[in-house]
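Summarising the annotation, TrEMBL assigns domain 'DUF3592' to 53-129, 218-302. As annotated by TrEMBL, region 'Disordered' applies to 259-278. Sequence annotations record features per position, and here TrEMBL assigns transmembrane segment to 12-32, 133-157, 178-203, 302-327, 383-409, 415-443.
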Amino acid sequence: MAKAKKSSGGCGLYGFAIFWTLFSSIFLIIGLKTCYDGFTRSQWPEVECMVHSFTITDKRSGDPPFQPKTSYTYEWEGVTHSGSTVWPSKKGEDDYEDLAELLEQYRAGEFKSCYVNPKAPTESALFVGGEDIWGGLIFALMGGLFVAIGIGLIVVGRREKKQESAALSSKKTKTDEAPAAILIPFFSVFGLAGLGLLFFLIIPQAMKYFDAKGWEETPAKVVWSAVRSHDSDDGTTYSVDIFYRYEFDGREYKSNTTGLMSGSSSGRSSKQEKVKNHPPGKEIVCYVNPDKPWQALLERDLGWWALFALFPLPFIAIGVGGLWWMLRKRNKSNKTSKYDNPLGRRTSQLRHSADKKDIYHGSHKPTKASVDFAPRGNRIKSFIGVFIFAVFWNGITSIFVAIAAGSWLRDDPEWFLTIFIIPFVLIGLCALLFSVYQFFALFGPAPTITLKPSAIPFDKEATVSWKLLSGANRINHFAVYLIGEEEAKYQRGTDTKTATETFHEQALIETQDPRKMKRGSATIDLSEITTPIMPSWKSSNNKIKWSILVHGKISFWPDINDRYEIEVHPLDVTPNN
């Protein structure tokens, strides 16, 4: 009896790859164009200028709400010009703190520097290039990585179109350059995203959190407050914007920084309630950085935003872990590539008759008189593994479930969060149910298997015996099988496929008689098998494996399904000297 299980390649991979590459190239082009414009402006010559005024306008309905207004004069080739541009590519900021430091630096009557377009001297700005260059580079880098993935998919798609149908044993098992061209950019995207979030957001905010513990409590007054809406493909989210003023060391400052972490979420009513509690003119308390008085905030605690610190970890794990895995796999493949084919130089067929010993199989371990197999240990390991996963998964998920449930109890449902966590909750419930299933399986009938000798030889008989101390009357059908399987791993596109073919399946017993289930034995004689078979064998990508499968059908209880891997040794045809 032969069975084959093979995974088919993706349909339309080549066309999808072309579409992916063309679409991703848009982001690459935009990033390069932004970077080029920023670099061009960064080459503008720097000249001295006189700042006549520098103020910040704050309009609750503005877009953005905080915009700098300035006027300055400068000379270029003996001609005096006036300017009013702070940045060539943006109008202002959503956070007042980003402009407050500039307000400290650019005071009326002081000489500063500005940058002049030599081709059009009337065009100038106080700041040029920097943000656009870095922003464009990051945008182009991410777009370039996605383009690289698309190119890799195109290469794989072309190879798959040329690939002819082949036997299982003739599949390529070596990872070639095309999958690497896909996986390296893929893992790089995750790794760079995670590391970027960690080093440029999480760590700076963590340092600010500890530093804010020493900031001075200062009276403040609300100027205005509003609920900001943010539209995206996922729907509309909302955030609270509270603009307030305070005095420190005899000077007035302003800020709209509420907490250490800013962000938006679904559920407008809770934000509206907070805005309602902070009407214009209300006396409040803020915390001021004594070293930089223009920095202030209303809340020093992170709250549930502290969980955001964990957000980069999966990206780093996937990215860095994937690249490390590829490196180790390639090194291992280089060391073992000459053994990838089980038959060494003979590549026409994987299977061959059992009447010869292949010198490439290598030696086998000494055979013991017998070996016993019991299911209890494997069942306990399965239960513990599933249970730990269920506890870990549901422990993390429960945090967000509590947040979502709390929003519903407050009659202010977080719709986006609720919908987002539904699949994670379902996975957690399935894991819990499966752990319960595995727990009940611990107490099911546990037949023990004895194999004599411990490895089955090709030229001699072996005996398999079973013993069931209790529970035989609960079993509707009991069977013990000898299974021989051929397994091969090969690369198909971005995936590593595992194809398994059962080349031998022999029923040692199939019965519904409880008396035969309690105790019995069967003889195995591989020399009587007429179909081609092979002894046990293993390499980095190919395997010939034998096992004993014990199956029992039980009504209203987890079935018996225990598998034990065994050794089948080749004929020993070493000449006697």
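Note: Cβ is positioned from N, Cα and C throughout, glycine not excepted.
Long-range Cβ contacts of the transmembrane segment (12-32) within its own chain (Cβ-Cβ under 8 Å, at least 6 residues beyond either end) map to 136-144, 146-147, 149-151, 153-154, 156-158, 160-161, 493.
In the domain 'DUF3592' (53-129), helix, strand and coil residues by DSSP number 9 helix, 31 strand, 37 coil. Long-range Cβ contacts of the transmembrane segment (383-409) within its own chain (Cβ-Cβ under 8 Å, at least 6 residues beyond either end) map to 267, 270, 304, 307, 417-418, 421, 424-425, 427-428, 431-432, 434-435, 438-439, 441-442. Under DSSP, the residues of the domain 'DUF3592' (218-302) split into helix, strand and coil as follows: 9 helix, 43 strand, 33 coil.
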